[in-house]
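Feature annotations, courtesy of TrEMBL:
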type	residues	note
COMPBIAS	102-112	compositional bias 'Low complexity'
DOMAIN	54-339	domain 'Anoctamin dimerisation'
DOMAIN	342-944	domain 'Anoctamin transmembrane'
REGION	77-121	region 'Disordered'
REGION	974-998	region 'Disordered'
TRANSMEM	353-380	transmembrane segment
TRANSMEM	430-449	transmembrane segment
TRANSMEM	534-560	transmembrane segment
TRANSMEM	580-604	transmembrane segment
TRANSMEM	624-645	transmembrane segment
TRANSMEM	750-777	transmembrane segment
Amino acid sequence: MRVNERYSTLPAADRSVHITNICAIEDIGYLPSEGTLLNSLSVDPDTECRYGLYFRDGKRKVDCVLVYHHKRASGSRSLARRVQHGDAGPAARSVRQDQPLPGKAGPVGAGEPEPPLDCHEDDKRFRRQEYEGNLMEAGLELERDEDTKIHGVGFVKIHAPWNVLCREAEFLKLKMPTKKLYHINETRGLLKKINSVLQKITDPIQPKVAEHRPQTTKRLSYPFSREKQHLFDLSDKDSFFDSKTRSTIVYEILKRTTCTKAKYSMGQGEGRKKDSALLSKRRKCGKYGITSLLANGVYSAAYPLHDGDYEGENVEFNDRKLLYEEWASYGVFYKYQPIDLVRKYFGEKIGLYFAWLGVYTQMLIPASIVGIIVFLYGWATVDENIPSMEMCDQRHNITMCPLCDKTCSYWKMSSACATARASHLFDNPATVFFSVFMALWAATFMEHWKRKQMRLNYRWDLTGFEEEEDHPRAEYEARVLEKSLRKDSRNKEKRRHLPEEPTNKWRQRVKTAMAGVKLTDKVKLTWKDRFPAYFTNLVSIIFMIAVTFAIVLGVIIYRISTAAALAMNSSPSVRSNIRVTVTATAVIINLVVIILLDEVYGCIARWLTKIEVPKTEKSFEERLIFKAFLLKFVNSYTPIFYVAFFKGRFVGRPGDYVYIFRSFRMEECAPGGCLMELCIQLSIIMLGKQLIQNNLFEIGIPKMKKFIRSLRLKHQSPSDRDQYVKKKQRYQVDYTLEPFAGLTPEYMEMIIQFGFVTLFVASFPLAPLFALLNNIIEIRLDAKKFITELRRPVAVRAKDIGIWYNILRGVGKLAVIINAFVISFTSDFIPRLVYLYMYSENGTMHGFVNHTLSSFNVSDFQNGTAPNDPLDLGYEVQICRYKDYREPPWSEHKYDISKDFWAVLAARLAFVIVFQNLVMFMSDFVDWVIPDIPKDISQQMHKEKVLMVELFMREEQGKQQLLDAWMEKDRKKAEPFNNHSPARPAPPDSPDFPGGAL
């Protein structure tokens, strides 16, 4: 049975309940406490309610807040005239009825009619009244506050009493610590000494938080049960359930509690009949929980409160302030995160995100060190690289063919000396090693995270936790309701054309009894209902991908046309830096387009997911993540894929070039290859996204909003400013914060970065270093956002990071394939090996550059494509060179592909196959060698099971001994009575009977 079906929250008049033992029911907590809905007529802060953290009595803590907008009608309408719910006491009903609110003309008359409200607003008010009444029937206690400093906004504070917390904790199967303490198995011998040394070394970078200290003991946890309350330490009931758990319980009740009534119809005539049928269906469905009420605008927000302020001189110490000082401050960037305190304050789901981000950042440290070593190796060996030395040697006097038609002239290969030397920094033998290392690093990172996740599950008592089916979304319920109405109308039309059957009273009774059955259990959305949405999704995604490709094509045309325009410049310095200028400007254009399209694609992905109408929030989130990741992946990596695998591959040859739209000649790679350009493309896009999209937006936008609020405050008068600062309660301050929008943007940002680090790492070994520097800032930036800029999210239990883990594994597998192709096709690593072992005369790389260049006779240029200034170099050119493996012009099959091309291609394909399979095997071997569950954790989990069995065995033995003692006591009490009673004659078979048993 699902949680929301375990007990109903319908009004008592709609139920048929036979109470057999009212005392027993009250003992187990099913009877709701006497809930009261109080109207707060003043928001003056006082020490009793701790500025809104408690009810006005200063005793009951505010566990959650509902916010709604209301329109106050003109005239004397006081707060006390609001309709009261439940059986509130007389004092609560007559709260200051004789005094008007400030600014009113006079006291409220008893018989004055209330001014008319808008029907929609009154309908919302009616639904709120019923919903809040049902909340009190579920046992919650409410207090309303409408006279606030925020005009037109009302607040309903919610408190869950002890019996409700116990009941819901049992329903949710929350594991709570028992009185039983046990010692955690500690390492011994050499490992113990190593751990003690590491603890002393890392002590300065540990946060000063009690929860982060290593513990030698742990309390045995067990799912809470009201029948076994003696197992738990209930000496302090106020702190037994922390604020995170209390808000989770209250929000679960808010989702489950329903509101079924509405006061007004939406239209007249036929529309009114349809609306009446709709309301009837809603009453049968009973599906108007907090998600539906939020979606329909009945309430505008529902959130738990922060623990208090995080800065100030006289601020009372709380977890929020501690997190701000030890986690959200940039001054503690070098310290570990207090993950246990983060989980205690925000819940397991957010705690797992920051734990994953911390593990990912730590794993980037060795990757960054190896990347720096690879880069330094290229820097140290650049002067020993023979191919770049040959390209820079002026004595070779190699004349290259023009890079464009007409406007471009012949050029010397030595002019590309700087590009060739720079490409060696990233295109050297160490790059292959680094690609293999990063593939194994990705596999090790995934295994390390799984082990860390299991440790957190054990520490946070999530072992054995299984997510239950979530509540249906409001949009899904509305679609199901609409479908059921259409189905009923079709059935009615069919019945009109059928002959009437004699009435059957028994059938009518059955139908009446079945009227309360939920329609959502009968009617569901099938693939036929969703087919238009699926088709729209497919067409839209294909269109968005086509838009991305079209933009990349536009940038290609820009590069070609700009290169041709710059070639006509009279300045030699401009013409010598054409490649760098075109590449840099094109990458900046790509960066701006990527940032803009990321925002657009995020909105489109959400819209496409909404029209699919997923049933649960989990299904909605997974579908949204998949679409957003697909679109943003294509958007971010398409320009990089073009440079890596397509640029320079389909250019043709001099005299027979390939043209786009018959006018733009395809661009070529530099003589040193496209790897250097790929490095520039990757570095600018990666760093630009991190600096602009991730950090600047996340820092700048909140700062701007805060600056605007401060400006508004300065324009107020001093008295108003003091009132604004002093009189705002905690729930009002939190309402002005940004609502929590989920973890999808945070994960997406890091997954895209993970792709930059792993997919093309062969072309940019410094990518892990820049990712590490970004993440050090990102952790504190996200922490500060959660602490200072966002409302406190409702804590959600989770034992893993969900679909993101599968995406990470997919990106890791794809990285192996992409790096294999980058090394073999984009870099010159394979052509160098082929030349070294097949064509080199002396076993060195001398002559490699000349081997990779083909010859072209300038007399074979097509009409209109030859350079306008053939004497630009000062001499007449007869033969020019271009990078390709083709036959020379004096050959019988001139300009055909040579045998060298096929030899190099075969070597490249062989390398891809060998590299891919070898690295995949090594990655799988790492997965197999490293166990998912650490050995000490599996031992501790086994120990917990044994201790739990022993605890229950001792409890049963104690009960049995107590029962035996009671029976013995009763027997002893009965013995004197038996001794004083008259003796009975012995039975015939007794030894006392004469002639009886011998």
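Positions of Cβ are set from backbone N, Cα and C atoms, glycine also.
Within the chain carrying the transmembrane segment (580-604), a Cβ under 8 angstroms from the stretch's Cβ atoms is held by residues 419, 540, 544, 547-548, 551-552, 555, 558-559, 562-563, 566, 574, 628, 631-632, 635-636, 639, 677, 680-681, 684-685, 688-689, 692-693, 745, all 6 or more beyond its ends. Per-residue pLDDT, averaged over the domain 'Anoctamin dimerisation' (54-339), rounds to 74. At the 8 Å Cβ threshold, with sequence separation of at least 6, the transmembrane segment (750-777) comes into contact with the transmembrane segment (353-380) through 3 or more pairs.
Non-local neighbours of the transmembrane segment (624-645) in the same chain are 537, 541, 544-545, 548-549, 552, 555-556, 587, 590, 594, 597-598, 601-602, 604-606, 608-609, 674, 677-678, 681-682, 685, 689, 744, 747-748, 751-752, 755, 759-760, 763, 803-804, 807, 818, 821-822, 825-826; each lies 6+ residues outside the stretch with a CB under 8 Å from one of its CB atoms. Long-range contacts of the transmembrane segment (353-380) within the same chain, counting only residues at least 6 positions beyond its ends with a Cβ under 8 Å from a Cβ of the stretch, are 336-337, 339, 342, 424-428, 430-431, 433-434, 437-438, 441, 444-445, 448-449, 452-453, 456, 743, 746-747, 750, 754, 757, 761, 765-769, 771-772, 775-776, 778-779, 782-783, 801. Residues 356, 359-360, 363, 366-367, 370-371, 373-374, 377-378, 757-758, 761-762, 765, 768, 805, 808-809, 812, 815-816, 819-820, 822-823, 827, 829, 915, 919, 922-924, 926-927, 930, 932 of the same chain lie 6+ residues outside the transmembrane segment (430-449) yet bring a C-beta within less than 8 angstroms of a C-beta in it.
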